[in-house]
């Protein structure tokens with residue numbers, strides 16, 4: 001790539017930076033780790049108020065426990081080993097810019113099942129899983145430290161990657177922004193894909209383990225887990241298990257196909273997801289809630305409806321992307337594009353432009369409702385996820401309009417609502 005082309009490429013990227021550009025790349029790696037620690041501290045406090053002043057912050061004694069980094073690194077190491085086991089099938093990713101396709105082991109669900117067996121053995125041997133409640137803050141600190149160290153490694157190693165292996169939006173020449181957004185698209189050590197591994201393995205399964213620890217803590221304190229705690233654990237475990245059962249679908253997502261692997265994704269995978277998505281469980285330990293069977297049934301129905309929309313729409317999209325001639329999608333109405341691809345304008349994707357986001361948000365609400373309405377904290381995930389998905393939808397819109405042009409405009413006229421029918 002010549003100097004003029006390089007300059008043009010970088011100037012183009014300067015105008016298209018995500019997440020607030022350089023300012024966001026500086027502020028987010030500071031603000032979000034502090035937010036994780038703040039939210040955990042609030043969830044474990046008697047007031048559980050996100051608005052109290054001065055804010056609830058952990059003491060220095062709470063930040064460190066030598067057991068925490070040992071557990072975290074051991075957990076990551078276990079799942080690295082499970083990733084390498086010859087279990088399940090191997091799938092091809094989408095074509096890269098140089099025309100090649102990377103191969104990915106589809107064995108995440110095997111990892112979940114083996115983890116469940118190992119946890120059962122440990123519990124049978126008397127392992128104090130409930131102690132995870134006391135370890136939440138130091139575990140989060142350890143995960144944040146690993147995220148920063150991993151991001152430095154990823155940024156440095158990206159300078160040895162060929163130009164076609166870099167993410168289009170991550171090679172701007174601005175070191176702060178590139179460190180945050182990620183320069184290399186698919187960093188690998190041999191055949192071990194670092195981004196794909198982190199996307200669904202240690203953090204997502206770890207979220208389920210943390211939830212189980214909270215359930216055990218409540219049982220230790222009160223003799224048995226509450227119905228609210230059981231619902232939160234079951235709903236979120238279903239979400240984790242579904243993601244791993246349908247692991248192959250992640251190969252067509254924005255995270256894998258478009259985004260580089262930098263601090264944004266590393267921190268999100270290893271720290272943000274396991275320590276903020278399950279705040280409801282840690283909240284319920286200090287703030288127990290009682291549910292009537294009728295209320296519980298209504299919440300189960302809401303989660304079921306959200307899951308049905310989420311799974312059906314994602315399955316339809318992934319099947320269409322991989323094989324548009326498959327009988328399950330071949331009869332759907334489409335719009336031709338200048339790229340040679342076609343856009344779905346019927347089925348779930350003729351209902352709203354992002355039906356999977358709608359299902360996701362219905363499930364998010366169902367996860368929070370077992371915590372009652374006395375505090376805002378359990379609804380943090382709903383609020384955050386709404387903002388995240390609206391932002392992601394806007395990113396999708398920009399990319400699809402740039403890629404498909406007039407065909408995308410025609411699709412938007414056919415399907416005017418983005419996420420919520422008749423609302424947005």
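Here the Cβ of each residue, glycine as well, is placed from N, Cα and C on the backbone.
A TrEMBL annotation is a machine prediction, not a hand-curated record.
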Candidate ranges 188-205, 206-223, 224-241 [criterion: TrEMBL lists as transmembrane segment]:
224-241
Spatial neighbours of the transmembrane segment (224-241) far in sequence, C-beta under 8 Å, 6+ residues away:
109, 112, 204-205, 207-208, 211-212, 214-215, 218, 277-278, 280-281, 284, 288-291, 296, 299-300, 303, 307, 363, 366-367, 370-371
Per the definition of 3+ C-beta pairs under 8 A with sequence separation of 6 or more, do the transmembrane segment (135-156) and the transmembrane segment (261-279) touch?
yes
